[in-house]
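J.: Features from Swiss-Prot:
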| type | residues | note |
| --- | --- | --- |
| DOMAIN | 8-337 | domain 'Kinesin motor' |
| BINDING | GLY87, GLN88, THR89, GLY90, SER91, GLY92, LYS93, THR94 | ATP binding site |
| COILED | 351-1006 | coiled coil |
| COMPBIAS | 494-505 | compositional bias 'Acidic residues' |
| REGION | 494-516 | region 'Disordered' |
| COMPBIAS | 722-735 | compositional bias 'Basic and acidic residues' |
| REGION | 722-741 | region 'Disordered' |
| REGION | 1007-1226 | region 'Globular' |
| REGION | 1052-1078 | region 'Disordered' |
| COMPBIAS | 1053-1064 | compositional bias 'Acidic residues' |
Amino acid sequence: MGKDEGIPVRVALRCRPLVPKENNEGCKMCLTFVPGEQQVIVGTEKSFTYDYVFDPSAEQEEVYNSAVAPLIKGLFKGYNATVLAYGQTGSGKTYSMGGAYTHNQENEPTVGVIPRTVIALFREIHQRPEWEFNLKVSYLEIYNEEILDLLYAARDKTNTISIREDPKEGIKICGLTERDVKTALDTLSCLEQGNSSRTVASTAMNSQSSRSHAIFTISIEQRKEGDKNNSFRSKLHLVDLAGSERQKKTKAEGDRLKEGISINRGLLCLGNVISALGDESKKGGFVPYRDSKLTRLLQDSLGGNSHTLMIACVSPADSNMEETLNTLRYADRARKIKNKPIVNTDPQAAELQRLKLQVQELQVLLLQAHGGTLPVLNSMEPSENLQSLMERNKNLEKENGKLSRELGEAAVQTAQFLEKIIMTEQQNEKLGSKMEELKQHAACKVNLQRLVETLEDQELKDNVEVIQNLQQVIVQLQDESSGIAGSIEAMDEEAASFPVPEEDSGEKRSSDGFTTNHALRQAQLSKELIELNKALVMKEALAKKMAQNDRQLEPIQSEYLNNIKHLESEVGVLQKEKEELILALHSAKKDNNQAKLSERRRKRLQELEGQMTELKKKLGEQSKLLKLRESTEKTVAKMNQEIQGMKMQRVQLMRQMKEDAEKFRTWKQQKTKEVIQLKEKDRKRQYELLKLERDFQKQANVLRRKTEEAASANKRLKEALQRQKEAMEKRKDSQSKGMEGAASRVKNWLANEVEVLVSTEEAQRHLNDLLEDRKILAQDIAQLKQKTDAGERIPTKIRRRTYTVAELENLEEEASVTKQIESLETEMELRSAQIADLQQKLLDADGEEEMVKRRWETISNIMEAKCALKYLITELVSSKVAGSKLESSVKQNRAHVADLQKNIFEERNQMAEMETEHQSQLMQLEQHHQEKILYLLSQLQQKQASVPVTIEELPAEEITEREKQLMERLKFQDEEIEKMKALCEKNQQLLQENDMYKQKLALLHVASGKKLHNILPAAEICSPDSPFDFIPPKPRGKRRTNAKSAAVILEDLLSESESEEESDDKNWEPGNNSKQSKKLTSKCSCKARCGNKMCGCRKTKQNCSDDCFCDPSKCRNRDNHMDEGKHEDQSLESENSKIDYPDVTAGGSFFTPPCVTPTKKVLREISDIGQVLSIKLQRKPSTASASASVMESQENQTSILTKKKKVLCNSNTSFFSGCSAITEDE
C-alpha cells in the first residue's frame, strides 16, 4: 500500500560541548538554543528550526528516545528506515552513532544509536511471538570511493563488490557479506568486529578521525506463522558519514590529504543530491545519484522508499562557525526532501493478492453483463439484423428525444403546480388553525338564541344576531373544508391505484445526453415530490384523526379517573369488611353455637371476594385505556415531527428542482447562443466563399494588369526597403542608447558586488588572523597558569609588540604573574569580541541562499549580459595588466636589491681583506717600532754605562754623528707614522661607506616590509667567500650599545689623554677618545687616596700629576702605584673591555687572525721619549742639576717601558678581543 503524499526527511540537530583544545584556545560559544523550542540561533540573528534540537547537555538516551525510537515501530510494519549522521570532522558523529562500540561499553550511558537500536529491535521481536523473524546484518565502508566489506574475513584479499539496482527491491550490493543473527549479542559482536576493521587516523582536529563512510545494515524478514501470504521485508540503514574537513585546519598530508579529498568529494555529491531533491523549482528534474557510490547507496533513503532521520552534528566553537553554518544549511535543505515509503511485502504474496483482486473484479463484470452473453436475433441474416437494429435505434432515439423534451416540460409544469399546491396547503393550514381557534372561542359556545330572548335592548339583540350569523358561517366553512379534504383523499387513492407503466431498459438511451438526463432527473424529482406529498397527506390525515380521537377521549378519561377513584374506595371498604369477616370466622370456630352465623359470614365473604375481583378487572381495563391514550399522544407527537421533516424535505426537493431548472435554462441559453454563433460563422463562411468566387473571376483581369503593376510594385519595394533601413537605424540608435544606460547600471552593480566580495574575503582573512592570535594568547595563559600552579618564578615575557628599553625595564621591575594573566585575558576577550563582530558581519554579508541565487537575476536580457561580460573582461584585463606591472616592479626591485646586496658583500669582503692587511701592516710596523725603541734604549744604556760623562764633555764630532743618527731615526719614524695615518684615513673612509650601505639596506627592508631571506635566495645572502656572518639590521627603539666599527685612529693612539687605569672605563668604545681630549687640564685636590671616581683625575681616566693638590704618599693614582696594580689592571682590561659587538666565531669574522696591538699609553710613552731626545739634541743643559734630572727621568721612563713591554708580551688578547655580536631581540 503506497502513500500518495510524501513524508519529509526528519532532521535532528545535536551540538557537542566545547572540548579542552577549544577551551585552551579561548573559543566561545557561537550557538544559542531557544528554551522550549526546536530552534537554534547562530551569532545574534540567523536562526534555524529543525524537528529535534539537542543542546550540549543532552545525553545519548534522550537523543535515541526522542528521534530514533519512532522509526523502530515502522520496521515491523514493512517500512524501510535510515539514520545518518552528518557534520564537520570532530563534531561527534561517531560518538552519537556508536561507531566505536566495544563490549566494555555495554551498560554505560555513552552507548550510541546503533547499539541501542539493536537492543530495542530484539526486545520488540520478543514481544511478537506469533511472527517468525529472520535477521541479517552487513557492514561496509566507502574508503577512497572503494567499497570495503568490514565483515569479510580476509580484507587483504580482493572481494569484488558491485552495486546493482532492482526495480522491485531497490539498490542491492552484490558480493557483500551478510550474516544471520539470532540475538542482540550476535549483532553487537558483528558491529564490534566491523568497528575494529574500520579505517581511522589522527589529524590536527581529531585524534581518532574516521577516514571513511560506514553503513551498518539490518535486513528483517517477518512472516506470520498461520498465514504464509502475510509477510513483510524491511531494512534499517545506520550510516556514519566521515566528517567534512579543511586541510588548513587538519594539517593533513600524504595519505590523509588524499582521504580528505575523497571524503569531501563524496559529501559534495551528497549535497548536490540533497539540493536537487529539496529545490521545489527543480521538482521532477534530474538527480545526480550516480556521481558517487555514497549517493547510490543512499538513493532509497533520500527521496525514495524509506523513513529517514538525519542527525546533524555541529561544534559550538566560534572558530568553527563557518563549518557549523554550512552544516546547518545542509540540514535545512535536507528537511525539504520528500520520501515516499511503501510497505515492502513478499513479491509472491503480493502477486497472489493482486490476482485475487483481479478475479473478483472480473466476476463482478461478468455478473453485470448478464452472464457474459448478449441477445442475438437468429431469425435474420447478420446484415439485415444490423440494418434493422440501426433503423430501430434511430427511431427510438427520435422518440426518446421527443419524450424527453415533453417529459422535461411536464416536469417543469408539475413542479410549478406542486409549488402552487404547497402554497395553497400552507394557506389552508393557516385558515384551519384560525377556524379552530374561533371554534374554541368562548363566544361560539354561548347559546345565542336564549340570549336573544332574554335581552330587551334592540341594539344588543342586533349584535347578537350578527354573531349568530357568523357562527353559522364558520360551521358552513368547516363543512366545506371537510368535504374538499374528502374529495382530495379520494383523488389520491385513485391516482395510487392507477398502474405505473414499467420503463424499458433498452430504450433509455438518448441522443442528447444532457437534455435527457435533465428531463429524467426532473421527472424523478417530481415523482419523489408527488410521493412525498402523498405520504405527507396521509400522515397529516392520520395525525388529525388521532388528535380528534384524543379530544373525544378527554371526557371519557375524566370519567374514568372518577370511576377509578370510586372503585378504589369501594375496594378499600370491601377489603376492610373482608378482614372483619375473617376475624369473625376465626372467633366463630371456637364457639359451636355460632355455626349458622359463621356460615352466613363465609358466604358474605365469598360475595365480597367476587365483587372485589370484578372491581379490580374494571380498574385494570380503565388503566389500560389511559395508557393507550398516552401512547396515542406520543404517536401523534412523533407523527407531527415526521410531518415537519417531510415538509422540510419537500422544500429541499422544490429548491433542488428550481436550481436544476435554472441550470438547465442557463445551459440551454448558452447552447442556443453557441448555435447562433455557429450559424453566424456559417453565414460568414458562405459570404467568404462567394467572395473567393468573385476573386477567382477577377483573376483574369488581374493577369492583364500584371505588367502595368510590376513597375509600381518595384517602386513600392524600394520605398519599403528604404523605410526598413531607416527603421533599423533608429532601432540601432535606440538600442545603443539603451545599451549605454544598461551598461552604466550593470557596471555600477558589478562594481558594488565585486567590492562586497572583496571586503568579505578581507574580513575572512582578518577573522583567521584574530583566531590565530587568540589561540596564541590562550596558550600563553595556559603556560602561565601551569607555571603558577607549579610555583615557578615566571620571567616577564615580552610580547610581540614594540616597546622601548625604558618600558621594558619598568615592565620587568613592576609586572607580576597575576597582572600578566589578567592583561592576557583582557586581550583575549577583546579578540573574542572582535571575532564575534566579524563573524556577524560575515553572516550579514553572506545573506540567505535565496539572495545568492537571485544575485544574477538583475541581468534579465542578453544585452545586459553582454554589458556585464564586457565590464568583467575589462576589469580582468586591467587587473592582469596591473598584476604584471607589479610583478615586473617586484622583480626589478628584487634584482636591484640583489645587486645592492652583492655590492655590499663585495665591499664587505674587500673591507675585510683591507682590514686584515691593515692589521698585518700595523703589527709589522709595531714590531719594527718596538725593535727600534729597544735598540735605542739599549744603545742609550750602553752609552751611559760606558761613558759616564755629560754631553758637554763629548767631542763635537761625536755629538754631531749621534745627532745625525737620531735625526735619521726620527725622520724614519715620521715617515712610518705618516704611512700609518694614511692607512687609518683609508680605513675610516671604508667604514663610512659601509655605514652608508647599511642605511640603504635598512631603508630597502623598511620599504619592502619583508625580511632579507624572503627577497634573496640563501645562496646570495650567505656567500661561501664571506669571512663573516651578516645580520640584517632591524628597527629598534633603543640599543644598549652604540657599536661602531673598530677603527684605529692614529691621533687617538698618540694622544696623551690615556692613563694606565683606562680598563676601568666600562663605557669605553673605539673612537670616543676625542671627547676625552677636552678633559686634559683637569686637576684634583683629594685629601684621600684618589681610589674612587670622586677623584677628578680618575674620573677623567688620567693619572695624578705633580700639578695636583693631592698627597703623593697616599695617592694611588700615580705612576709609583702602577706596579702594584699590574695584575689587577690586566684582569680589568680583559673583563671591562667587552662590549656588545657581534659574536666572533672562528672563520666567520673579519677580526681574525688575532694580533697584539700596543695600547695608547705605550705609544704615548714612546712619543714622549722621542720628544725628550729631540729636546736634548736641540737644547744643551747648562747645569749639572739639569743633566741629572734628565738622566733620572730617562731612567724612570726606561723602567716604565720595560714593564709595559712585559705586559704586552705576556698578553694573549688582541685589541678587538672581547667583542661580541649584538643580539637583536625579536
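The chain as shown is numbered from 1 upward.
Note that Cβ sites are derived from N, Cα and C of the backbone, with glycine treated the same way.
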J.: Which residue among the binding-site residues GLY87, GLY90, GLY92 has the fewest other Cβ atoms within 10 Å of its Cβ, if you could check?
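T.: Comparing Cβ neighbour counts within 10 Å for the binding-site residues GLY87, GLY90, GLY92 gives GLY92.
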J.: Give the sequence-ordered list of residues that share a chain with THR94 (ATP binding site), lie 6 or more positions from it, and have CB atoms under 8 Å from its CB.
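T.: When sequence neighbours closer than 6 are ignored, THR94 (ATP binding site) has ALA85, ALA100, GLY112, GLN208, SER210, ASP240 within Cβ distance under 8 Å.
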J.: How would DSSP class THR94 (ATP binding site) in three states?
T.: helix
J.: Using DSSP reduced to three states, classify GLN88 (ATP binding site) as helix, strand or coil.
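T.: DSSP assigns GLN88 (ATP binding site) to strand.
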J.: For the domain 'Kinesin motor' (8-337), what's the mean pLDDT in this predicted model?
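T.: The average pLDDT of the model in the domain 'Kinesin motor' (8-337) works out to 85.
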J.: Which are the residues of the chain, GLY87, GLN88, THR89, GLY90, SER91, GLY92, LYS93, THR94 excluded, whose CB is within 8 A of where the CB atoms of the ATP site average out, their centroid?
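T.: The surrounding set, listed in chain order, is ARG16, ASN206, GLY243, CYS313, SER315.
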J.: Give me the non-local Cβ neighbours of GLN88 (ATP binding site): same chain, 6+ apart in sequence, Cβ-Cβ under 8 Å, ordered along the sequence.
T.: GLY243, SER244, GLU245, CYS313, VAL314, SER315, ASN320, GLU323, THR324, THR327
J.: Among all the protein chains here, how many other CB atoms are within 10 A of the CB of THR89 (ATP binding site)?
T.: 25
